[in-house]
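A.B. asks: So that we are looking at the same thing, I have put the structure below in structure tokens.
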Amino acid sequence: MGSFPFHRDLQEIASSQLTKALDPEEFRKQGHMVINFIADYYQNIEKYPVLSRVEPGYLKKCLPVSAPYDPEPISTILRDVQNHIVPGLTHWQSPNFFAYFSSTASTAGFLGEILTTGFNVVGFNWVSSPAATELENIVMDWLGDMLQLPKSFHFSGNGGGVLHGSTCEAIVCTMVAARDQMLRRIGSENLGKLVVYGSDQTHSTLQKATQIVGINTENFRAIKTTKSTGFALSPEMLRLTISSDLEKGLVPLFLCATIGTTATTAIDPLEALCHVAKEYGVWVHVDAAYAGSACICPEFRHFINGVEGANSFSFNPHKWLFTGMDCCCLWVKNPSVLASSLSTNPEFLRNKASDSKQVVDYKDWQIALSRRFRALKLWLVLRSYGVANLRNFIRIHVKMAKTFEGLVRMDKRFEILVPRNFSLVCFRISPSALISSNEDDEIGMVNEVNCKLLEAINASGKAYMTHAVVGGLYVLRCAVGATLTEEKHIVEAWNVVQDHAQAILSTY
């Protein structure tokens, strides 16, 4: 690595340094080196502190100020990855990673990504790579079957599915479709009257989508939830909010119901919410980003009962279906509504297949024109493990979460704040564990203690957890979901929690 000497040109580079951008034999050789590097990383992943300990700006001090003029060998680059990049990673695939929701990895997911990148096709329409489009059609119907989605969401019905990069993309696209469908009825001059609904537990993606789509930010409703409903959205509160908006002359447009909220995995009552929405002509999108994967298991499928009343449904296999970033599945009942809002057809893309209306052009189902061949890695995951193994992987995570939950319940200093629905346990040090408790500020003191506990856990490097604040209460989130996590890691994580709790409580 070094500075960029502008006075030199390629003629001055020794012939031995000239390289091809794509050489099959070099790819084979260097590919083996990279795969070995990644395999070694996974074998040694527990040696690293889960949460990176670097300071902001650390990397600029490690790397040159400009790109290298001459080529460098992959061995040198991998050495720098090990020395400079790995220390700056938060190790999401560590078995001691219990933060956020995991982004599960798998051998099949890795290999599928290699194939996707290796082929490097851009499947914006059918003719640009027929296999990319048709495989996506097939795997989306496969997954629809696994989730027991109504036929109205399948290509074999009148619906269909598409792979996006994130839930945000899925919600933006469906909200645009809902917006345009409504404005065709009431006139574009009424854009400022449209209202979007969610709960105070709905992912912030909904608010971002509302802003992107051009809906007045004052018309975004984050309906308050309470502990009495498990922090789920109340159909009665939705009805009251919609009625109030109608009295103001506003137009209810879009509802996002969540199956497995980020904070606590609360379950919005889908069937009842869809019933209310139908009365007012509101588009219902179901966000099951995390928990949707679990619904391939029969024992969790009931959580999406009522989905037949929704207009669209999405979940992220990159969260809990071992597919790797990025992969978001979106199904819609009426693809033509989506396409009418997102379709462009410039002359350079015109072709007989598209004109025949016999094929899907996925450019009309998303924001961007270009798109990756995401279906390939999803196909590899589904085929390599099968439905039975994928269900088993999810059940193992849930079982380990139950183990952690049991350990928490056995220690009287702690309490479980909300019911565990999947593999997330929300817990905290109980107010009763504090010897000196000022009733006037008990909530503040308990929140402070739990905040200190989380900071201590994460600073240890032995585990990484995150927090949520629900109903004004600060809770720790232990999200079991990393592919490599085993029962022993659950026990070790709990030991870390107990040790730091003891040290903190001794000061109160």
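Using the three backbone atoms N, Cα and C, a Cβ is placed for every residue, glycine included.
Below are the features listed in Swiss-Prot for this protein:
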BINDING   HIS203, HIS318, PHE348  L-phenylalanine binding site
MOD_RES   LYS319  N6-(pyridoxal phosphate)lysine
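Walk me through the surroundings of each of these features.
C.D. replies: Cβ contacts within 10 Å of PHE348 (L-phenylalanine binding site), excluding its own Cβ and spanning all protein chains shown: 6.
Counting every protein chain shown, the number of other Cβ atoms lying within 10 Å of the Cβ of LYS319 (N6-(pyridoxal phosphate)lysine) is 25.
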A.B. asks: Among the binding-site residues HIS203, HIS318, which residue has the fewest other Cβ atoms within 10 Å of its own Cβ?
C.D. replies: HIS203
A.B. asks: Check HIS203 (L-phenylalanine binding site) against DSSP and tell me helix, strand or coil, would you?
C.D. replies: coil
A.B. asks: Can you grab the distance from PHE348 (L-phenylalanine binding site) over to LYS319 (N6-(pyridoxal phosphate)lysine)? Cα atoms, rounded to a whole Å.
C.D. replies: 37
